[in-house]
Amino acid sequence: MEQYDQIGARLDRLPLARFHYRIFGIISFSLLLTGFLSYSGNVVLAKLVSNGWSNNFLNAAFTSALMFGYFIGSLTGGFIGDYFGRRRAFRINLLIVGIAATGAAFVPDMYWLIFFRFLMGTGMGALIMVGYASFTEFIPATVRGKWSARLSFVGNWSPMLSAAIGVVVIAFFSWRIMFLLGGIGILLAWFLSGKYFIESPRWLAGKGQIAGAECQLREVEQQIEREKSIRLPPLTSYQSNSKVKVIKGTFWLLFKGEMLRRTLVAITVLIAMNISLYTITVWIPTIFVNSGIDVDKSILMTAVIMIGAPVGIFIAALIIDHFPRRLFGSTLLIIIAVLGYIYSIQTTEWAILIYGLVMIFFLYMYVCFASAVYIPELWPTHLRLRGSGFVNAVGRIVAVFTPYGVAALLTHYGSITVFMVLGVMLLLCALVLSIFGIETRKVSLEEISEVN
């Protein structure tokens, strides 16, 4: 495996232009539709139960099929992306999701729907990881955090989008239309990616395909020079004299030396994200009801509290490049841990609402930091997708078992204990991140790739 630092330096000196906006548009559109299809399942299941298509057992199988697909996709997508290219991995998984979602619109029974849901999950698990990880290789280091966060901001509108469209489509048409809309949209993204999603020059150079990387990058440079009416600045003497380095890209490097440290930090970061995300967002309505708030009011209060999610991601995009990554992530975890406990001891509805809103605001700032920004930055180019894929797969496993732990604590000890245990775990994760995390803010991917 070869790595060519000059290619990275030339990508980092580019001013933002239509080239970057097209890449951003294709990936963000794909992530939005992926989220739409994922959250549409929640809306569709209620309809399937009411019309006799499904029951609690089949609903569980439907949900588990998606989660298992996510797990498989996260692992396989990383290998495809590192061995065969970012563009090919992205487009293959777009096609899988598009065909599976379209097929789900025409299934004859629930068993076929569960099968297509698994295929959707496999493609979406890979697509999310490949999208975020690939994006980091195109965006200049000085604004990489901000634009990766914006990618997350667009993608996280999908719950509201699926809920809004689902209310109309399922009521007046059919649940099948939800999958058909998502499938057609994904296939449109697949078509557009064929025209505008180029192969990562960093990946080409890393594979020793220097001529291909040079051709792709020179074309981009010429487009930007014409668009901006400028001449790109020359590279520094260090950048222009960068040498080719040979690195073997075996998957097992993730568990050796410096890479093991990064792998463990990444797993810790995602464990913190998943246990907080699934504890807080999934169980908020239940905790409301257990606190004596009626169901209708709990649903309304949950909707109000979740407004903090897009606002948190929006603010994260504005400020994330102004603070060191380790400080930013660990501080957010400490804030969430403290707010979680304060939130759990509130008894008045207005206090629950205010503290819940603020907690969700900071939680989604952390979700943005972890999934969209920090994790994709941690890895050398030749391991980026496999590293991201593996730690995301571990995160999926944690997400599967977290609800059972929360349910046991909630049943035997109450909601305050749930948030106390969560707080202790988040504080431990913050400690690991602050001590062992590596700093990636405004650092070129080539510098981050250095393995000591």
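Glycine is no exception: its Cβ is also placed from the backbone N, Cα and C atoms.
Marked as topological domain 'Cytoplasmic' by Swiss-Prot on the basis of sequence analysis: 1-20 (among others).
Annotation comment: Swiss-Prot describes 44-57 (among others) as topological domain 'Periplasmic'. The average per-residue pLDDT of the prediction over the topological domain 'Periplasmic' (44-57) is 81, rounded to a whole number.
Under the heading topological domain 'Cytoplasmic', Swiss-Prot lists 81-91 (among others). Under DSSP, the residues of the topological domain 'Cytoplasmic' (81-91) split into helix, strand and coil as follows: 10 helix, 0 strand, 1 coil.
Feature annotation from Swiss-Prot assigns topological domain 'Cytoplasmic' to 141-152 (among others); the stated evidence is sequence analysis. Using a Cβ-Cβ cut-off under 8 Å and counting only residues 6 or more beyond its ends in the same chain, the topological domain 'Cytoplasmic' (141-152) has close neighbours at 12, 16, 20, 24, 27-28, 31, 131-132, 135, 313, 316-318, 320-321, 325, 367-369, 371-373, 376-377, 441-445.
The topological domain 'Cytoplasmic' annotation in Swiss-Prot covers 199-265 (among others), and the record cites sequence analysis as its basis.
What Swiss-Prot lists as topological domain 'Periplasmic' is 289-297 (among others).
Non-local neighbours of the topological domain 'Cytoplasmic' (321-326) in the same chain are 142-146, 369, 373-374, 377, 433-434, 437-442; each lies 6+ residues outside the stretch with a CB under 8 Å from one of its CB atoms. According to Swiss-Prot, the topological domain 'Cytoplasmic' annotation covers 321-326 (among others), on the basis of sequence analysis.
Residues 288, 291, 293, 297, 301, 304-305, 416 of the same chain, all 6+ positions outside the topological domain 'Periplasmic' (345-353), place their C-beta atoms under 8 angstroms from a C-beta of that stretch. The feature topological domain 'Periplasmic' is assigned by Swiss-Prot to 345-353 (among others).
Sequence annotations record features per position, and here Swiss-Prot assigns topological domain 'Cytoplasmic' to 377-388 (among others) based on sequence analysis.
The topological domain 'Periplasmic' annotation in Swiss-Prot covers 412-415 (among others), and the record cites sequence analysis as its basis.
For 439-452 (among others), the entry in Swiss-Prot reads topological domain 'Cytoplasmic'. Cβ atoms under 8 Å from those of the topological domain 'Cytoplasmic' (439-452) belong to residues 3, 5, 8-9, 12, 136-137, 141-142, 144-145, 202, 242, 247, 253, 257-259, 321, 323-326, 374, 377-381 of the same chain, restricted to positions at least 6 beyond its ends.
Among the features that Swiss-Prot reports, transmembrane segment is placed at 21-43 (among others), with the record citing sequence analysis.
When Cβ-Cβ distances below 8 Å are used as the criterion, the transmembrane segment (58-80) is approached by residues 38, 41, 45, 48-49, 88-89, 92-93, 110, 113-115, 117-127, 129-130, 251, 385-390, 392-393, 396-397, 399-400 of the same chain, each at least six residues removed from its ends. Summarising the annotation, Swiss-Prot assigns transmembrane segment to 58-80 (among others) and lists sequence analysis as the type of evidence.
Among the features that Swiss-Prot reports, transmembrane segment is placed at 92-114 (among others), with the record citing sequence analysis.
Residues or ranges marked as transmembrane segment in Swiss-Prot (evidence: sequence analysis): 118-140 (among others).
Summarising the annotation, Swiss-Prot assigns transmembrane segment to 153-175 (among others).
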Two-stretch contact, the transmembrane segment (153-175) and the transmembrane segment (298-320), at least three Cβ pairs under 8 Å: yes
Criterion met for the transmembrane segment (298-320) and the transmembrane segment (354-376) (at least three Cβ pairs under 8 Å): yes
Contact call for the transmembrane segment (389-411) and the transmembrane segment (21-43): at least 3 Cβ pairs under 8 Å, seq gap 6+: no
Candidates 21-43, 354-376, 416-438; stretch with most C-beta pairs under 8 Å toward the transmembrane segment (327-344): 416-438
Outside the transmembrane segment (21-43), six or more residues from its ends: residues with CB under 8 Å to it: 62-63, 66, 90, 94, 97, 101, 117, 120, 124, 127-128, 131-132, 134-135, 138, 147, 150-151, 154-159, 161-163, 165-166, 170, 175, 178-179, 181-183, 185-186, 189, 192-193, 196-197
